[in-house]
Amino acid sequence: MAESQEFAELWERNLISTQEAGTCWELINDEYLPSSFDPNIFDNVLTEQPQPSTSPPTASVPVATDYPGEHGFKLGFPQSGTAKSVTCTYSSDLNKLFCQLAKTCPVQMVVNVAPPQGSVIRATAIYKKSEHVAEVVRRCPHHERTPDGDGLAPAAHLIRVEGNSRALYREDDVNSRHSVVVPYEVPQLGSEFTTVLYNFMCNSSCMGGMNRRPILTIISLETHDGQLLGRRSFEVRVCACPGRDRKTEESNFRKDQETKTLDKIPSANKRSLTKDSTSSVPRPEGSKKAKLSGSSDEEIYTLQVRGKERYEMLKKINDSLELSDVVPPSEMDRYRQKLLTKGKKKDGQTPEPKRGKKLMVKDEKSDSD
């Protein structure tokens, strides 16, 4: 009891009630404060308000035109052919990437001037045609329900980043577009670019997804707060055979370019080009053979033939061609006329006599007999 009473007395001596204390400044001895100290110094201090975000407002329709910016931002792709075995190939003529579903697509990021520290690279997919550009590009329901990946990327996102644990998958608050962001990395020594490995997780032909609608992938270089530093874009087709599709589309593209070139040529020049092209086509007439005889191609070729019968046939053809190089066209025409006359006689078409006399046929008796 004695100890508890002593503790109560100690508590009463050290406890300061709010009525007695008043303001906290009364607890401080005046001898420790300078004479010019103002106890109301903190009365006019305002509480700092949160600043609005410096990120630019997101456009409802993203711009896909190239913008290298002050840093000279551009993209590169590894060289690849059109073999059927390739899983990813890029066409510079079409500015189009052909790839298989969920296969690695390396894209090289190149800058002339290093961007600020903390810059990021953002990849966004949009539809190419104006009638579809307002829609969000997302995976089809079938692939969206398919379990794949490491679980870091949302199931609806078309574009994913491979081999980078710092990738962040975003969905815009304004237009709900999907994007994936990775930090910009300085190229390693001896290299002029940084490579990002992308995957496209749905086929272009999938119903309920892209549904054969062409898409563009926009790669943008941004600061950490979203300010645009550079932008590039390219078309993407996700298909089963990238090499075959690239070869077909490049062939069609070249044909279209040739047609457009002919359309730009005036009609008079076009007719002259047509005449020149038709005159260069080989014809079996004698005049053309005369031109062939004057050809400067004197090289001799050897052809191996199996079987004597074929050899005799090809030999006759060769002898005829050699003869046509020597015989003038007029003699050739005269020879053809003789062949036609002989052919008519063999068919029994005998000429009628000029003065009405009956022409006797073999084994036919005359009237006198």
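Cβ coordinates come from backbone N, Cα and C, glycine included.
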Students should find that the region 'Interaction with DNA' stretch in Swiss-Prot, chosen from 61-68, 93-100, 237-244, is 237-244
Between the ranges 36-47, 108-119, 156-167, 312-323, Swiss-Prot assigns motif 'Nuclear export signal' to 312-323
For Zn(2+), residues beyond CYS140, HIS143, CYS202, CYS206 with C-beta within 8 angstroms of the site's Cβ centre include exactly ARG139, PRO141, HIS142, GLU144, MET201, ASN203, GLY208, GLY209, MET210
Cα of CYS140 (Zn(2+) binding site) to Cα of LYS84 (site 'Interaction with DNA'), in Å and rounded, measures 26
Filtered by Cβ under 8 Å and at least 6 apart in sequence, the residues in the chain of LYS84 (site 'Interaction with DNA') near it are CYS241, GLY243, ARG244
Around the Cβ of CYS206 (Zn(2+) binding site), other Cβ atoms found within 10 Å total 17
The region 'Interaction with DNA' (237-244) resolves under DSSP into 3 helix, 2 strand, 3 coil
